[in-house]
Amino acid sequence: MNLRELVSALNDFASLSLAESWDNVGLLVEPSPPHTVNTLFLTNDLTEEVMEEAVQKAADLILSYHPPIFTPLKRVTWKTWKERLVVRALEHRIGIYSPHTAYDAIPHGVNNWLAKGLGACTSVPLHPSTAPSYPAEGTHRVEFCADNTEHLDTVLSKIEDIQGISCLTTLPARVEGEEQTRVSLNCSQKALLEVVALLSQNSRLYHKTEILLLQKPLLPHTGMGRLCTLSEPVSLSDIIERIKSHLKLPHIRLAMGMGKTLESPVKKAALCAGSGSSVLKGMEADLYLTGEMSHHDVLDAVANGISVILCEHSNTERGFLSELCDMLAIHLQNKINIIVSEKDRDPLQVT
């Protein structure tokens, strides 16, 4: 499979439009074409050790969940480790692709996998994703009626000159017994200001104007974080053991909610793979589950009677790679070899 076909297939598996606006996702390093991919190499973090493993295993494309290039590189030399990753990738004709928060949002992604550690439960996104485009062009619809044909022609001419106008239509209408023309148009947020300014110059038009917000529909089961409702309440101590087993960890970090004990029941758990402070903050639940949170956000949760389990950032993500390997094999119709890194690990270890 050539690289561009594979990248297109990966984008179909998880649309990059679902990624957070601050993220850096997609194809980050591209060897000169044509580039055939026989082996796809999966890792959570692309470190130099992992890069050497990818080279040894003759990888043609590395899918690194975390983007190894996040802030702009001003040069590509042998000076810093991230620059060296790019050099090594190009030297060995290895592409680098990162999905990151797009995989957080999808229904079959990282947060869905993390929720399985709680046991039988139903879940909904904490911050639902919206469709990447509006139901129609533009962000707003403007409608108004006019009875002066000559004046209306002047207004319509000025509206047509505004950038960001679409779907401009006129229809005959009868309003309060009078024959009038009803005008409807879609416009961008910026164009809306210009349209309103134009119509406000004529009080009769302005008072007959309706502005509708064209909201993006929510995507089912898609978004950041998950609020999980367990089928049956489970003690906090049992939840801890389930999570340790699911993540294959000997230890987790626990902050006990005010007034709670290890025997306190957990019915609702809010979770977010990776760093969950901004996603979990303010959510009502018995438990927060994530990789890392700020000290003060942990204190806030505890004060509100919410227990917090922290497992270190990438420990809440890495186990998903095994499931991803199987899903991509099906999605790509077993056309390429897919392997998971054996060197990838969380940088923090308990000693």
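In case you wondered, yes, glycine gets a Cβ from its N, Cα and C as well.
Residues or ranges marked as divalent metal cation binding site in TrEMBL: His66, Asp104, His313, Glu317.
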Exercise for review: Among all chains shown, work out which of the binding-site residues His66, His313 has the most CB atoms within 10 A of its CB.
Suggested key: His313
Exercise for review: May I ask which residues of the same chain, at least 6 positions away in sequence, place their Cβ under 8 angstroms from the Cβ of Glu317 (divalent metal cation binding site)?
Suggested key: Asn44, Tyr65, Val110, Leu114, Ala273, Gly274, Gly291
